[in-house]
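Trainee: If you scroll down you'll find the structure; I have some questions about it.
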Amino acid sequence: MPIDDYTNFPPGTHMLEDHKKEIVLTPTPSDDPEDPLNWSTLRKAVNFGLTCSYVVLTFVLLDIGSIAYHYYEYFLHLTFKTFNQTGGASYAGLAVGCLFFVPCVHKFGRRPLYLISALIQFACAIWYAKFKTAGEMITIGLLSGIGGSVSEAIVMITVVDLFFVHQHARMNGIFIFMQSLGTLGGPIAAGYILVNMQWRWMWWITAIILGANLLLVIFFFEESKYVPRWKPAGKRISKRREHAEPNDSSSSESEEKSSGSDELLRSSNMESQTYPRKSYLQRLALVTKTDGPILQNFYRPLIVPFKFPAVAFAAIQYGLIQAWFSATVAAGSEFLIRPPYNFEANEVGLYNIGGFVGTFIATFTVTFMSDWLAVWQARRNKGVFEPEMRLWLLFPAVLFTAIGSWVFGIGISRGWHWAILAVGNGIFGFGFMVTADVALTYLTDCYPLILNDALISVVFIRNILAMVIRFSITSWLSGMGVQNTFILIGALSIGTMIMPALLMVYGKRARRHTARKYMEYASYQQAQRPAL
């Protein structure tokens, strides 16, 4: 898009619905059947499903250790401080690893980094099953974080690879639900393994499942990075709509007038030719490399939050909600095994069902509502979509987060019935799910062409915040007490409401102001899809 067009259509603003009330597909797919946007539903489901299973197992590996704290304390004489240091080391690994691995995801493809990550996680699970000292535990935590550092970014990148803007919220919602499933559901299963088998078997079974997942990735995970096989020649054809056949390469007789770059498709000079289908082995190529420098992709993500307000907002909002979630899990693991609760490992796991139910309800209601709300508001805005239209959902979500934190903190400090704590956990889980989904979807809507740098920034800041909270939570709890700690967390959550409020007023102006910088940064990205 020419820079002058950003006066009315800044980055993220586009036509979502035309005068015929039909959805305009954004980004516009090519005529190539191997374009991931044109893949069949089954092919997309297999690819996205494997990335989701990867996320589940990543957070199972990172979080089931919390359920075994009592066993570590009894058999290995480890302290709660060591336990939290291991959690902090995991987040440090996630933060540092994303700075190195994610630029490589765009340079060399999703598949090779996925395989490397899966191998590291498999090795860490085996080491967890055999470790004996505090130093080993912290080291494994760091390495497992490095191994899982691709997980958050690769799924959001895959969402953009495979799906259209009006589908992003529900797909990001499924990703965050899978993350919660690993964090909350993993300890439920691990608790029963601990009680009925032996604590090391918790890790052996995890290693077996990770090994099986590795085999599935080797034989079924296709590369979703799209590299056009012909250069676009600039001929304009009519835009695609949601009801159109995705592989239909015929061009329209008439050329429609554009009210933004998203209205038009570019076609190839070779549009009359048939695109060759890739073989099974070509789809599973180990490396899909693109030309161009990569060095700037290692340091530019550290600058992006200071250049683009939407990136800073997503990083802080997503990072804080994850940090509060980490604090809740750590506190529950410490206090639920002590009087008056005296929970066994499986009972601590079952307690997490409350949070799981909250995230489940939010995933299959509010995340779908976010996409519906975007379409509905665009229709009221003459078909024009603005990313800020999604931010309305953040206000009730933040309230749910704060209320859940207060119920948990006050309740556990006063010995309330565990069911009340579980309800508070569910309320928090609901707010967590919606907050994370809206923040990440807003980011992907605003700046899709610099998603590489933006996601690294978000994941890095998210994990730095979670690491700081995890390292300091022991001091908070001992210095302030459980009740005051979680009252403060709830109050800080309420305070974050100022950010979406400001963006709803000034967000479009900020996107217009950063349009030139956006196009400059986009020119350095490894993504090869034409910027339509």
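Quick reminder: no glycine exception, Cβ is built from N, Cα and C everywhere.
Curation plays no part in TrEMBL annotations; they are all automatic predictions.
Here's the feature list from TrEMBL:
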DOMAIN    46-508  domain 'Major facilitator superfamily (MFS) profile'
TRANSMEM  48-69  transmembrane segment
TRANSMEM  89-106  transmembrane segment
TRANSMEM  113-131  transmembrane segment
TRANSMEM  137-164  transmembrane segment
TRANSMEM  176-195  transmembrane segment
TRANSMEM  201-221  transmembrane segment
REGION    237-274  region 'Disordered'
COMPBIAS  254-265  compositional bias 'Basic and acidic residues'
TRANSMEM  308-330  transmembrane segment
TRANSMEM  350-370  transmembrane segment
TRANSMEM  391-412  transmembrane segment
TRANSMEM  418-442  transmembrane segment
TRANSMEM  454-473  transmembrane segment
TRANSMEM  485-507  transmembrane segment
Trainee: Do the transmembrane segment (176-195) and the transmembrane segment (350-370) come together with 3 or more C-beta pairs under 8 Å, pairs six or more apart in sequence?
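Mentor: Counting Cβ pairs under 8 Å (6 or more apart in sequence), the transmembrane segment (176-195) reaches the transmembrane segment (350-370), since there are 3 or more.
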Trainee: Hey, which bits of the same chain come close to the transmembrane segment (137-164), Cβ under 8 Å, at least six residues off its ends?
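Mentor: Sequence-remote neighbours of the transmembrane segment (137-164) are 23, 25-27, 36-37, 39, 44, 47-48, 51-52, 54-55, 58-59, 61-62, 65, 72, 78, 82, 85-98, 100-102, 105-106, 110, 113-114, 117, 119-121, 123-124, 127-128, 131, 171-172, 175, 178-179, 224-226, 242, 440, 444, 448, 451-452, 455-456, 459, 462-463.
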Trainee: Residue list, the transmembrane segment (113-131) vs rest of chain: Cβ under 8 Å, 6 or more residues beyond ends.
Mentor: 51, 54, 57-58, 61, 65, 101, 104-105, 137, 140, 143-144, 146-151, 154, 200-201, 203-204, 206-207, 210-211, 213-214, 217-218, 221, 286
Trainee: For the transmembrane segment (454-473), which stretch among 201-221, 308-330, 350-370 has the most Cβ pairs under 8 A?
Mentor: 308-330
Trainee: Six or more residues beyond either end and a Cβ under 8 Å away: which residues meet both conditions relative to the transmembrane segment (350-370)?
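Mentor: 169-170, 172-174, 176-177, 180-181, 184-185, 187-188, 191, 332, 336, 343, 390, 393, 397, 404, 418, 421-434, 437-438, 441.
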Trainee: Between 0 and 100, where does the mean pLDDT of the domain 'Major facilitator superfamily (MFS) profile' (46-508) sit?
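Mentor: Across the residues of the domain 'Major facilitator superfamily (MFS) profile' (46-508) the model's pLDDT averages 86 on the 0 to 100 scale.
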Trainee: In the same chain, who gets a Cβ under 8 Å from the transmembrane segment (89-106) while lying at least 6 residues past its ends?
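Mentor: For the transmembrane segment (89-106), the nonlocal Cβ contacts are 62, 112-113, 116-117, 138-139, 141-150, 152-154, 157, 225, 290, 294, 297-298, 301-302, 326, 452, 455-456, 459-460, 462-464, 466-467, 470, 525-527.
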